[in-house]
Amino acid sequence: MGAPLSTWPWENLGIYKYLLYGPFVAKVVYEWFYNEEHSYYNLSWCLHLLILSGLRGLIHVLWGSYSHMLFLTRNRRILQQGVDFKQIDKEWDWDNFLILQTLVASMACYVFPFLQHLPIWNIKGLFVTLILHVGVSEPLFYWVHKKFHGDYLFTHYHSLHHSSPVPESFTAGHATLLEHLILTVVIGIPILGTSMMGYGSASLTYVYVLIFDFLRCLGHGNVEIFPHQLFEKFQFLRYVIYTPTYHSLHHSDKETNFCLFMPLFDALGGTLNKKSWQTHKILSSGSGNGDRVPYFVFLAHIVDVSSCMHVQFVLRSFASLPYTTRLFLVIGWPVAFLVLLAMWVWSKTFLVSFYNLRGRLHQTWVVPRCGFQYFLPFATDGINKQIELAILRADKIGVKVISLAALNKNESLNGGGKLFVDKHPNLRVRVVHGNTLTAAVILNEIPQDVKEVFLTGATSKLGRAIALYLCQKKVKVLMLTLSTDRFQRIQKEAPLEYQSYLVQVTKYQAAQNCKTWIVGKWITPREQYWAPRGTHFHQFVVPPILPFRRDCTYGDLAAMRLPEDVEGLGCCEYTMDRGVVHACHAGGVVHSLEGWSHHEVGAIDVNRIDLVWEAALKHGLRPVSHSKTN
């Protein structure tokens, strides 16, 4: 059993904890319909508490979003490691304190009825609140915070807050019940004191509480926003307001920098870290952030409007789970669509996420184009220009390997990346389409006793490689294509004794007795119904086909699980599970780990499929088997 007040009463309720807001909502609804004195200028105190709770949560979310906008904050990040799934899960219920403080505030409103009828504004209250904050809240927090770093209190309470390797805005709320009860007192003293003196107001309560939370998030934001010149010109500010760097030193050196917001109290208490100002100068100037050059870059693209919100700078918790449609995506769709249009006009390829693998930095860059745009004839030149500029940028800064995502290596777009390698023969960065490993993943999913498969997209790069590989294993391949010329060219590539295993078909009816379908071209529900009962659909088509058949199983896109020693990975790649990436991404990882010096563009070398597969397994990547039914 844990220490007293170290756990939350509603920690086992999950999402149902928000039902604790129910009585407040009910009271607001009741007063709205039945209170004759209701007006926009005399809002229910319950409504104020609900609005305030929502705004406070929004501040934490917006700070979290900002800290994950790596395209803006990369050079000013304080700690360079990424936030992994373990920390995200640990901080999942960061907003418990909002429920607690809403409940405490409601009790205060009943104990002190005058809090229910505060005026909208009272300018005198601003000065009284400031005096109470500096004179009471700041020293009280400083003293209590130091006490919580004692052996017993730290071990049983405060260590939870310090267990997060990378401080973020959500870390500010990640603490025990006892700590937040004390913080409730700290934040409540200026508000209650000012109101008891007759100078309180609703506006003052909003302003003080929101600034309080803003500064707490700022200190835990892991991004330095203050220029060092400001503190050099006005040196007294060093003791008036802390910085993200200042508080990060407290998380690394737990015996210094205990203050709430004002380093003055650390200076008076002799606990001010002597490195605070110099470290701040280095980080705010961008010269000490360890701006490492990535060893490997995965060049991704946007799939559709809804999935573009599946990124950490929109909502960290959502991005840490495989992509699924959620209600808030519908609400955010219009904004996301407008942002995509703006990106089409102005944006360039940008950094969206990163992780570390065996001491090497791996990054994901995104081409700001949506899936449907890749099929617009007038958009292809612009997309190729974006990809080319990304490759040249990677080459310039010293990236070793850049791997192209599905649509970025489309055959009709740039020949699987061959266009760029031919245009720039002196590239030092190795351009990889990852299709060899994609083919290997699909081929290793097929049971060894299968003697016949049906293949759509049969004359594509992947379709060709799969057909040539399987025919040499004496598997009959029904290749769906209307082009006899393209079929015959592929057939002639196969050794003479295996050519008979490649069979051209022109209709789906030809596969009505084949239970292994490999889908490389999108098929409709009507076309799926030609498959016999019990068919398994393997696929390498983007987007994946819709699983309409209840009597069949559907595989996901080819993917592999990253090695267990990956560090700082905290977001899922589209619909993939945690730690799983698309095979084209994994192919680039294998290429970099092996140190291969060749480009992998254009046609797939069938003879290398087994080699690449064995290299992936050797480096700790593991196949992922996902089968689903409708």
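One-based numbering along the chain as shown.
Keep in mind that glycine also has a Cβ here, set from the backbone N, Cα and C atoms.
Pulled from TrEMBL, these are the features on record:
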DOMAIN    131-271  domain 'Fatty acid hydroxylase'
DOMAIN    453-623  domain 'Very-long-chain aldehyde decarbonylase CER1-like C-terminal'
TRANSMEM  15-33  transmembrane segment
TRANSMEM  45-66  transmembrane segment
TRANSMEM  97-115  transmembrane segment
TRANSMEM  127-144  transmembrane segment
TRANSMEM  172-192  transmembrane segment
TRANSMEM  327-346  transmembrane segment
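Only sequence-distant pairs (6 or more apart) were considered; of these, fewer than three Cβ pairs between the transmembrane segment (15-33) and the transmembrane segment (327-346) are under 8 A, so the stretches are not in contact. Same-chain residues lying 6 or more positions outside the transmembrane segment (45-66) and placing a CB less than 8 Å from one of its CB atoms are 21, 24-25, 27-28, 31, 72-73, 94-95, 98-99, 101-102, 105-106, 109, 115-116, 168-170, 172-173, 202, 205-206, 209-210, 213-214, 217-218, 221, 223, 313-316. Outside the transmembrane segment (327-346), and at least 6 residues removed from its termini, the chain residues within Cβ reach (under 8 Å) are 302, 305-306, 308-309, 314-315, 368-370, 373. Residue counts for the domain 'Fatty acid hydroxylase' (131-271) under DSSP, split into helix (H, G, I), strand (E, B) and coil, are 97 helix, 1 strand, 43 coil. Within the model, the domain 'Very-long-chain aldehyde decarbonylase CER1-like C-terminal' (453-623) carries an average pLDDT of 94.
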